[in-house]
Amino acid sequence: MGLLLLVPLLLLPGSYGLPFYNGFYYSNSANDQNLGNGHGKDLLNGVKLVVETPEETLFTYQGPSVTLPCRYRYEPALVSPRRVRIKWWKLSENGAPEKDVLVAIGLRHRSFGDYQGRVHLRQDKEHDVSLEIQDLRLEDYGRYGCEVIDGLEDESGLVELELRGVVFPYQSPNGRYQFNFHEGQQVCAEQGAVVASFEQLFRAWEEGLDWCNAGWLQDATVQYPIMLPRQPCGGPGLAPGVRSYGPRHRRLHHYDVFCFATALKGRVYYLEHPEKLTLTEAREACQEDDATIAKVGQLFAAWKFHGLDRCDAGWLADGSVRYPVVHPHPNCGPPEPGVRSFGFPDPQSRLYGVYCYRQH
């Protein structure tokens, strides 16, 4: 079996569609099989198999389909076509195991696990083995490998898929630092989100996220983003940045959690209702409007991607009361854009409206 060498992708501006080479050239020398020197076994008297994938990260949204580009060719070109085996897999990240996605020979293919029924090869053109993923889910983002196997030799490329979304901190109704790692995963899922990765939190910090409470991330580290250093948040002497407590015990230690929600398939709206509502009445009112009460992640996504701007506080599915502000104005909270929170009021209080979610 040929040796597989993975080379880190360089993010070069304007490099979409450029070839990704793993450095393998084939010669007759038996001494040229060193992983680091870019040589391997002889293949068709010096013909080289090349796999091409984009070097730029692909950005998309939850819900629609996405195509992960992958093509292969031979240098020099072959006179007659050869039968190859194609394999797509999702690389291991943050402790999650590697996942097989799809294998194919000719028109025959097999998909695996959560990808069954959602993936297929494009094969629109010769040597095109791009992977199409349908009904894109939050868990689908990450790095994917595309491997082309020709007899005893194989070559591969990497495609990185990132979902556009919004990071938000989440705290228990019982106060801060109540979740172990597994409970953090559960509450993010209940809010229509997943636990954020460090890269997602860092990007949110670059966009202005400032939060003093430490929270779990996907790799089971605990971190928090600071834009304005101050005394309760590590002290004013430290530079702005994402502060880290490092890895923590997934079961024994307790913190808040940073969740990541992507763009919506539907619409979040404030329900115009003649009266203020209790939490139970709010759920029923949304149902009567052919909708459901919105989740926290849905409200953040509507604020981030659909410009939902409302100064009316409303119930959400977790029993919290919040409202989204895109354009701050007087009598509507702090001067910065954001999703304001009233915490978790008495569910029997009739002081608030409700935000509903209706799927398209």
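Glycine too: its Cβ is placed from the backbone N, Cα and C atoms.
The signal peptide feature in TrEMBL is assigned to 1-17.
On the 0 to 100 pLDDT scale, the model's mean across the domain 'Ig-like' (48-164) is 90. For 48-164, the entry in TrEMBL reads domain 'Ig-like'.
The feature domain 'Link' is assigned by TrEMBL to 166-261 (among others).
As annotated by TrEMBL, disulfide bond applies to CYS212-CYS233 (among others). Within 10 Å of the Cβ of CYS233 (disulfide bond) there are 19 other Cβ atoms, across all protein chains.
The domain 'Link' annotation in TrEMBL covers 266-358 (among others).
Taken from TrEMBL, the feature disulfide bond applies to CYS311-CYS332 (among others). Note on CYS311 (disulfide bond): other Cβ atoms within 10 Å of its Cβ, all shown chains, come to 15.
You'll find the Cα of CYS332 (disulfide bond) roughly 22 Å from the Cα of CYS212 (disulfide bond). Between the CA atoms of CYS311 (disulfide bond) and CYS233 (disulfide bond) there is a gap of 29 Å, rounded to the nearest whole number.
Taking H, G and I as helix, E and B as strand and the rest as coil, DSSP gives the domain 'Ig-like' (48-164) the counts 6 helix, 62 strand, 49 coil.
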